[in-house]
Protein chains: 2
Amino acid sequence: MRDEFRADLHIVSQLLVDMAEGIRSAMRQATKALLTADRQAAETVVERDAEIDELYRHVEERVCDLLARQAPVASDLRAMITALHVAADLERMGDLAEHVAKTALRRHPSPAVPAELRTIFTDMAGIADRMAEKIGSVLAKPDADLAAELDRDDDAMDDLHKNLFSVLLGDDWPYGVETAIDATLLGRFYERFADHAVNAGEHVVYLITGETASPSN
Amino acid sequence: MRDEFRADLHIVSQLLVDMAEGIRSAMRQATKALLTADRQAAETVVERDAEIDELYRHVEERVCDLLARQAPVASDLRAMITALHVAADLERMGDLAEHVAKTALRRHPSPAVPAELRTIFTDMAGIADRMAEKIGSVLAKPDADLAAELDRDDDAMDDLHKNLFSVLLGDDWPYGVETAIDATLLGRFYERFADHAVNAGEHVVYLITGETASPSN
């Protein structure tokens, strides 16, 4: 029974690692689409979001199956509930990558991001990528210190998000309202991506240390 | 055992109904704060979000306790997983109401919404309120037809969201970038509130009919 549970848990963990890889790749491609007006990259992200959704369903099915067959308690039950939380965060991160890709598509062949904002979005995407990588790592091999780094990454993302608004609200913003709206929404997509990474990390920390975190932000 | 499960399930349902009432009241107050620059209403929403988070934790604890003690299978297990999903959606709806309230606070004593957009936001808030009310009703008394109405409400919300962008992007938009950014984010908060209401409704429908819906949008 115990060995069977471990084997099932391993399958669930592997599905979560696959999801983390999927959403990392999605956000990389979406950023590429955004910064280079690459239509094909954008379309790939939109098409492949269904694969991430499918992995999410698999996690849910596996967890339900495992709860029904094995009736785990205590830390094993907690691991199952945590897996559901992490999967939900990852699924949403995939959606956010898709939103970035769709913004790129909507403006194509024009770039959705003007020259003045390229550095900020490149940096936001860099942090998003690092966070997605860390989520994948802590899921593959639990590491509370690495998971805790996600908080610092999120602070850096928030700083960039504030910088974005100062550029948009500067007296010399030359692009008008439409470009500002796109940038506002894009900024929010990257920032929410980071929030979900933090949530996912907190769930993994909870699993490792038993210390609870506040509800999602 | 069966009676005990029913009693526990009833407690979980009641917690979800309390959450639905909490987020409905939060969004009403947040809208009041937004449209009348009512600082006290805004502060109440921010303070009381902790109560919604607390209810969310209670749902999770109850469900975990119930899974551990009773090891439900089949439709009983499904009801538990559904309760977790619905609670997560409601918790997030509370956050979105808080975001609206914080936007009102940030601009106070100026109104965050200019005259030209008051009708759109009043209408969006009206739909959000109707959806929150329906979620509360279907949680108190499962009704697949009523839950299905949430999809139509969401369509109406999406139409208003599109109207909002046409006003913001009209040649005669007189307010500049800062007000457009606020309006863009506020529009997104109401629209996401509706999305989560649809998700919560789909989970309840799934519980009633066994028909699955696609992952959250």
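Quick reminder: no glycine exception, Cβ is built from N, Cα and C everywhere.
Copied over from TrEMBL:
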- A:17-103: domain 'PhoU' (DOMAIN)
- A:122-203: domain 'PhoU' (DOMAIN)
Structural state census, the domain 'PhoU' (A:17-103) (DSSP three-state): 82 helix, 0 strand, 5 coil
Secondary structure composition of the domain 'PhoU' (A:122-203) [DSSP: H/G/I, E/B, coil]: 72 helix, 0 strand, 10 coil
Overall pLDDT for the domain 'PhoU' (A:122-203), taken as the rounded mean: 95
